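See below for the structure under consideration.
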Amino acid sequence: MISTLKVLIFVTRKWIRVYAVVCLVVLVYAMASLDVRKAAAMVDAATIEKLEAGFSKLQASDSKSLLKKYLTKEVFDALKNKKTSFGSTLLDCIQSGVENLDSGVGIYAPDAEAYTVFADLFDPIIEDYHNGFKKSDKHPAKNWGDVETLGNLDPAGEFVVSTRVRCGRSLEGYPFNPCLTEAQYKEMEEKVSTTLSGLEGELKGTFYPLTGMSKETQQQLIDDHFLFKEGDRFLQAANACRFWPSGRGIYHNENKTFLVWCNEEDHLRLISMQMGGDLKQVYKRLVTAVNDIEKRIPFSHDDRLGFLTFCPTNLGTTVRASVHIKLPKLAADKAKLEEIASKYHLQVRGTRGEHTEAEGGVYDISNKRRMGLTEYDAVKEMYDGIAELIKIEKSL
Ligand code: ADP
Ligand code: DAR
């Protein structure tokens, strides 16, 4: 009896020791994996150092960017240790604006989560750029409106050289440029090319990868305002040009009145354009195309921010409606032209868009804001504003 008891005690003690060792191993493993997860969630020292240096450079500069205006020390300290689940840091958001002090905005979202994780910086910039779209505001549902209510801005062809309406779209399930792998670029290009090959009628066209495109063809398309330019320093500094030209390309129909940019600044830019001022025809073509393509491929959309894009200036409707226009009398005083244009929420840019000069007196004038209003409102804002500018030009 006693010997049985002794054996029982011995075996029990043995199992307690084994159990204790197992618990210890599990605890050490759990702590180790917690450390790994914490380390992965933490921003590394080298990034923090670059952030501190970038913040000091920005503060010491006379930059007029929205980044400088809203990246206060308080916001900087609150955000510098944050990361998205894609591993994006505050540095990924602001590096373009730090490197290019002449940026107008200076910030991009490396992935969609960045708009939430770094909301303390994105929200005031969005509110400033999109004419008071507050963090408590919700972007309205997509509404292309009644295309028949628009018309031709310049039937006599005195002022408007060409008219263009574009929107941006991000493919669901993919982050933005800085987080994309080369394989994802190629996968997206294949998806887009296959999807667009199904378009019929006026929209029927061909996808042309940038890889393998002759420099002459590429330059001609850029010169004719059909293709995005290469080597944009703002996008390069934002890490948006990696693996170039992999995954980049352009789709267009025979007349080059419907075009799609693949993986330039955004995953997609859907573009309708033509010579002259017939905004109704240009807008109608874009609406038909977007409605058709949206049936074939899911796009990233946020309940509050609307359609998601790499740059916060393009969120919401993502619509830019623009004219290439000559207003010689008004443009004689550029500051005056910009002042009048801003009254109609219009943005005046050079012939080749952002950060370019007018060539031959041709300005790119478009709606500035894209959030807090519908697609139709954004285009109508341009339509009404340009009509006013032409009226003033005629009165001078
Ligand atoms: P972003 O909004 O990213 O600056 P855009 O959508 O404005 O880019 O596209 C800029 C390009 O589109 C420039 O190359 C510019 O020449 C061209 N573009 C813009 N508006 C017109 C227009 N009305 N006619 C012809 N080309 C245009
Ligand atoms: N060039 C950058 C971006 C401004 C908005 N234009 C875009 N997203 N294409 C700047 O901050 O000036």
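For all residues, glycine too, the Cβ spot is worked out from N, Cα and C.
In TrEMBL, annotation is done automatically, which means it is predicted and not curated.
Copied from TrEMBL, the annotated features are:
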{"type": "BINDING", "residues": "162-166, His225, Arg269, 320-324, 349-354", "note": "ATP binding site"}
{"type": "DOMAIN", "residues": "47-131", "note": "domain 'Phosphagen kinase N-terminal'"}
{"type": "DOMAIN", "residues": "159-396", "note": "domain 'Phosphagen kinase C-terminal'"}
{"type": "TRANSMEM", "residues": "15-32", "note": "transmembrane segment"}
Problem - Residues that sit under 8 angstroms from Val165 (ATP binding site) by C-beta distance, when 6+ apart in the chain - result: Ile271, Ser272, Met273, Leu279, Val282, Tyr283, Leu286, Val319, Arg320, Ala321, Ser322, Val379
Problem - Packing count at Arg269 (ATP binding site) (other Cβ atoms within 10 Å of its Cβ) - result: 22
Handout entry: binding-site residues whose CB lies under 6 angstroms from ligand 1, from Ser162, Val165, Ser322, Arg349, Arg352
Key = Ser162, Ser322, Arg352
Problem - Summary of DSSP states over the domain 'Phosphagen kinase N-terminal' (47-131), given as helix, strand and coil counts - result: 51 helix, 0 strand, 34 coil
